[in-house]
C-alpha cells in the first residue's frame with residue numbers, strides 16, 4: 001500500500017538527509033569521470049581523432065533527451081509500496097555500474113572501431129544513469145514544502161557531491177594513468193563505487209516522506225507542453241544549461257591543460273583538488289548568501305566568480321603553475337554556488353508548479369532537466385574536441401607519441417579559459433530573468449514568506465508578487 005503522507009514543512013530527519021545525499025556519489029562520479037577523462041582516453045590512448053571523439057561523447061547524451069523525459073513520466077505514474085521514485089533508483093543500480101565499467105574495458109581497438117565500441121557502451125551507461133538520476137532529482141520537492149529547508153537539504157547533497165567529485169577527480173586520473181590497462185582498472189573500481197552509492201541511497205531513503213501518486217493526464221507531448229508553460233522552469237533550464245556547458249568545456253580540457261600547458265600530467269589531480277576544495281568549505285557560505293541575497297542574487301554572484309576565475313587562468317604562461325591553481329580555486333568557489341543553487345531552485349520550481357497546476361509533474365521537469373544537463377555536459381566535451389581539432393591537435397596512443405604543433409597548445413588554453421568564461425557569463429545574464437523569489441513561492445504554496453527573503457528586499461521585479469490567476473488557482 002502506498003503511503004499518502006504529504007511532505008511536512010518541518011525539517012527532514014538527519015537519517016533521511018544522509019540517505020538521500022549519499023546517492024550524490026553516483027551523480028558526482030558519472031558526471032565527472034566521463035567529462036574529465038573520456039575525451040582524453042579516446043584521443044591519447046585509443047588514437048581516436050578529436051572531432052570524432054567529441055561526437056562519440058555527445059550522441060549517447062543526446063539520447064537522454066528522449067530517455068529522461070520517458071523516465072520522468074513513468075516515475076510520476078509509479079505506484080508502489082516504496083513510493084513513486086525509489087523503485088527507479090534500484091533499476092538504475094542494475095544497469096549503470098556494469099555498463100560504466102565496460103566503457104573502459106573494451107577489446108584492444110584503436111581509431112574508428114574503438115570509437116564505435118565506446119559509443120555503444122556509453123549509450124548503455126547513460127540509459128542506466130537516466131533510470132536513476134531523474135527520479136532521484138525529483139525527490140527533494142516531495143520531502144519538504146519549505147523554501148529554505150530545500151536549500152538546507154540539498155546542502156547535504158552538494159557536500160557529498162563535492163566529496164564524490166574530489167574522489168573521482170583525484171583518484172580516477174591517478175588510477176588510470178596513461179595506459180589502457182590503467183583505465184580498465186579505474187572503470188572497475190568506480191563501477192563498484194557507483195553500485196554501492198546507488199544501493200545506499202535506495203535503502204537510506206526508505207523513511208523519506210513522499211506524496212501519494214496522482215493521475216498523470218495526457219500524452220508525453222502534452223506533458224512536455226505543460227512543462228513549457230512554466231516561465232520559471234524555462235529560465236532556470238536556460239541559465240543552468242549555460243553554466244553546465246561552461247563547466248563541461250573546462251572539465252574536458254583539464255587533462256590537456258595539465259599535460260600541454262603545465263607540462264605535468266599529474267597536475268590533473270591537483271587542479272581538481274583546487275576546484276573541489278572550496279566546494280567542501282563554502283557550502284554553508286552559499287546557503288547564507290541564498291538567504292541574504294535570495295537565490296537569484298547568490299546565483300549571479302557565483303556565476304561572476306566562475307567567469308572571473310576562468311579568465312584569470314590566461315595569465316598562467318607568465319605566472320606559473322601555482323597561479324593557475326589559485327585561479328582554479330576561484331572557479332571552485334563559484335562552481336560550489338552554481339551547483340547548490342540550481343538544484344535548490346529546481347525544487348522550488350517543481351513546488352511552485354505543483355501548487356499552481358494541482359498536479360505532480362516533478363518527474364517531467366527533472367526528466368527534461370537531467371536530459372538537457374547530460375546533453376550540454378557532453379556538448380562541453382564535444383566543443384572542446386572541436387577546439388582541439390581546429391587547433392590542429394594530433395591524436396595518438398601510448399606506443400606512438402607525437403609532438404603537438406603550437407596552434408594546438410594555444411587551443412588547449414583558449415578552450416579552458418575564454419570559451420567557458422563566455423558561456424558562463426551568458427548564464428549570468430539569463431539569471432536576471434529568473435523571478436521565483438521566496439515571497440512569490442510562499443504566496444502560491446500557502447506558506448509564509450521567509451524573513452530572510454524579506455530582509456534581502458528582493459521583490460524580484462514582478463517576482464515578489466504572483467499573478468492574481470496564480471494565487472486563485474493555488475487556493476482553488
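Just so it is clear, glycine is given a Cβ too, placed from its N, Cα and C backbone atoms.
Heads up, TrEMBL stuff is auto-annotated, nobody curated it.
Taken from TrEMBL, the feature transmembrane segment applies to 18-40 (among others).
The list of residues near the transmembrane segment (46-67) in space but at least 6 beyond its ends in sequence, with Cβ under 8 angstroms from a Cβ of it, reads 34, 38-39, 109-112, 114-115, 118-119, 122-123, 125-127, 130, 180, 370-372, 374-375, 377-379, 381-386, 388-389, 393, 395-397, 400. Residues or ranges marked as transmembrane segment by TrEMBL: 46-67 (among others).
Counting only same-chain residues 6+ beyond the ends of the transmembrane segment (88-106), those with a CB under 8 A from a CB of the stretch are 23, 26, 30, 34, 38, 41, 71, 74-75, 78, 114, 117-118, 121-122, 124-125, 127-136, 176, 183-184, 186-188, 190-192, 194-195, 198-199, 201-202, 205. What TrEMBL lists as transmembrane segment is 88-106 (among others).
Annotation source TrEMBL lists transmembrane segment at 112-132 (among others).
Sequence annotations record features per position, and here TrEMBL assigns transmembrane segment to 153-176 (among others).
The transmembrane segment annotation in TrEMBL covers 188-212 (among others).
Within the chain, the transmembrane segment (233-258) has long-range Cβ neighbours (under 8 A, six or more residues past its boundaries) at 32, 35-37, 39-40, 173, 227, 264-268, 271-272, 299, 303, 306, 310, 324, 331, 335, 338, 342, 345-346, 349, 353, 365, 368-369, 372-373, 376-381, 383-385, 388, 412-413, 415-416, 419-424, 426-428, 430-431, 433-436. Under the heading transmembrane segment, TrEMBL lists 233-258 (among others).
According to TrEMBL, the feature transmembrane segment maps to 270-290 (among others).
What TrEMBL lists as transmembrane segment is 297-316 (among others).
Taken from TrEMBL, the feature transmembrane segment covers 322-341 (among others).
Among the features that TrEMBL reports, transmembrane segment is placed at 362-387 (among others). Within its own chain, the transmembrane segment (362-387) has Cβ neighbours under 8 Å at 31, 34-35, 38-39, 43, 50-51, 53-55, 57-58, 60-62, 64-76, 84-85, 126, 129-130, 133-135, 137-138, 141-142, 223-224, 226-227, 230, 233, 237, 240-241, 244-253, 256, 346, 349-350, 353-354, 411, 414-416, 419-420, counting only residues six or more beyond its boundaries.
Marked as transmembrane segment by TrEMBL: 407-432 (among others).
The region 'Disordered' feature in TrEMBL is assigned to 447-476.
Feature annotation from TrEMBL assigns compositional bias 'Low complexity' to 447-459.
The feature compositional bias 'Basic and acidic residues' is assigned by TrEMBL to 462-476.
Long-range contacts of the transmembrane segment (297-316) within the same chain, counting only residues at least 6 positions beyond its ends with a Cβ under 8 Å from a Cβ of the stretch, are 239, 243, 246-247, 250, 261-262, 286, 289-290, 323-324, 327-338, 341-342, 345, 413, 416-418, 420-421, 424-425, 427-428, 431-432, 434, 456, 458. Contact check: the transmembrane segment (153-176) against the transmembrane segment (188-212) gives at least three Cβ pairs closer than 8 Å, residues 6 or more apart, which meets the contact criterion. Distant neighbours of the transmembrane segment (188-212): 2-8, 12-13, 15-16, 18-20, 22-26, 29-30, 33, 82-86, 89-90, 92-93, 96-98, 100-101, 105, 132, 136, 139, 142-144, 164, 167-168, 171-172, 175, 360; these residues of the same chain sit at least 6 beyond its ends, with a Cβ under 8 Å from one of its Cβ atoms. Residues 50, 53-54, 57, 89, 92, 96, 100, 103, 118, 122, 125, 129, 132-133, 136, 139-140, 143, 153, 156-165, 167-169, 172-173, 176, 183, 186, 190, 193-194, 196-198, 200-201, 203-208, 248, 251-252, 254-256, 268, 272, 377-378, 380-381, 384-385 of the same chain sit 6 or more residues outside the transmembrane segment (18-40) yet have a Cβ under 8 Å from a Cβ within it.
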